[in-house]
Amino acid sequence: MKIIITGEPGVGKTTLVKKIVERLGKRAIGFWTEEVRDPETKKRTGFRIITTEGKKKIFSSKFFTSKKLVGSYGVNVQYFEELAIPILERAYREAKKDRRKVIIIDEIGKMELFSKKFRDLVRQIMHDPNVNVVATIPIRDVHPLVKEIRRLPGAVLIELTPENRDVILEDILSLLER
């Protein structure tokens, strides 16, 4: 089962993913990304990756000098890959052996897609009919892979909105039990 969650920025995709991870417990393996905010000004300064193992690393920041930019955020692809690739490889191995495992990928977005290793691994995972995945994608097709995932045969595409975000969790958990 492939469950693809999309929606406008700030609608609650990552919050929903974290609730799914909490409910699935050890069945969930993967990562999510979240904003990094200045503790004093509360302004967003970057993004960090957090794995289901509890590892964290800032991979995108207004303070990074990089040729890879998304708006004013420099993206350090190596920092992202250091956490994302090992956890996704482990998740994929375990999910192939145990159908109850769920691979978590939040998000398949512009910053993450700078990594060719990530693109290749995500494509392999998403096209494997024998593994369960919960992934998030931007509302807009920011990359050909996002477009490909949005049109994946058999995948369930859910657009998260302010109207459904508080009631969709149980539906997603039910889909994963099939």
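Every residue gets a Cβ built from N, Cα and C, even glycine.
Lifted from Swiss-Prot, the feature list:
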BINDING   7-14, 102-109  ATP binding site
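With a 10 A radius on its CB, Asp106 (ATP binding site) counts 25 other CB atoms from all the protein chains. For the binding-site residues listed here (Gly7, Pro9), the lowest count of other CB atoms within 10 A around the CB belongs to Pro9. Cβ neighbour density within 10 Å is lowest for Val11 among the binding-site residues Val11, Val102, Ile104, Ile108.
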